[in-house]
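See below for the structure under consideration.
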Amino acid sequence: MKTQTKVMGGHVLLTVFTLCMLCSGVRAQLSPDIYAKSCPNLVQIVRKQVAIALKAEIRMAASLIRLHFHDCFVNGCDASLLLDGADSEKLAIPNINSARGFEVIDTIKAAVENACPGVVSCADILTLAARDSVVLSGGPGWRVALGRKDGLVANQNSANNLPSPFEPLDAIIAKFVAVNLNITDVVALSGAHTFGQAKCAVFSNRLFNFTGLGNPDATLETSLLSNLQTVCPLGGNSNITAPLDRSTTDTFDNNYFKNLLEGKGLLSSDQILFSSDLAVNTTKKLVEAYSRSQSLFFRDFTCAMIRMGNISNGASGEVRTNCRVINN
């Protein structure tokens, strides 16, 4: 059957039937309509609050989708990342002084609790917020299957093992495979770096002594290298940020992949999808395909988000009233 799409509000909304054909199965206990009676205005409430947050700070869109990614890769999509405490995943190396948007989720949760107390999990709210961040930035939309429970424990050790911008491609692929995602998902989800910012701390290793012999990363385009060396000088402030996509910084599109073809990926983990030796037989052709076809990227990204949103560790959970702490 032909893929059907509807253009709505400047983004592509894939039909539910098409998504069912394209993407692997949704967890049996999840359904887009699970709150149809218990919280009928949920989707509108979340969308409104995300829109307010993005109006206040457009960068928040990328931050919210990153929260969802970092949550799902640890214990499954159970909002364990949102828990405070000494063993919080927020304190793991990939998240500390980096993960952001927790206050936005708190605000959304408060609005949802006001309308439907004790009904909607923080995990579902985070999943919806990630989707809305994409849509409100010009990306594709999809119906989110709901019914996740909030985890009872955080897992800081596992959070320390999240895919890293410093890792080689084979290690990154292995971490995706470990949570039942595939190479297409690796490339499609990396496309979320089409918006947002990154700190000098996570890419400055490419700028001056990448090889250990005093040379920068040879795959980095020369004019971008020169600019980044000015933004992130040796011994400078590692918390300064640079856009992941300089051309369309706040728009969700396929420009990220066009950048990779030109050596303009900001993170090492971005550029290796196209330039590394391993990429030749794994990810390079996908990068090229997505650079040519935004609709193909949107389709595969949507499917990858649905699959990632299905990650579960099978543990029991609850519906937290406060996303930062388990219920008494």
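Just so you know, glycine gets a Cβ as well, placed from its N, Cα and C.
Thr194 is the residue from Thr184, Thr194, Thr302 that Swiss-Prot records in the Ca(2+) 2 site together with Asp245, Thr248, Thr251, Asp253. Within 8 Å of the Cβ centroid of the Ca(2+) 1 site, not counting the listed residues Asp71, Val74, Gly76, Asp78, Ser80, the chain contributes Cys72, Phe73, Asn75, Cys77, Ala79, Leu81, Glu89, Ala123, Gly151, Asn155, Ile311, Asn313. Of all the recorded positions listed here (Cys39, Cys72, Val74, Asp78, Ser80), Cys72 has the Cα closest to the Cα of Thr248 (Ca(2+) 2 binding site).
Between the listed disulfide-bonded residues, namely Cys116, Cys200, the fewest other CB atoms within 10 angstroms of a CB are found at Cys116. Figure note: comparing Cβ neighbours within 10 Å for the disulfide-bonded residues Cys122, Cys232, Cys323, the maximum is reached by Cys122.
Looking only at the recorded positions Ser80, Cys122, Cys200, the one with its C-alpha closest to Cys72 (disulfide bond) is Ser80.
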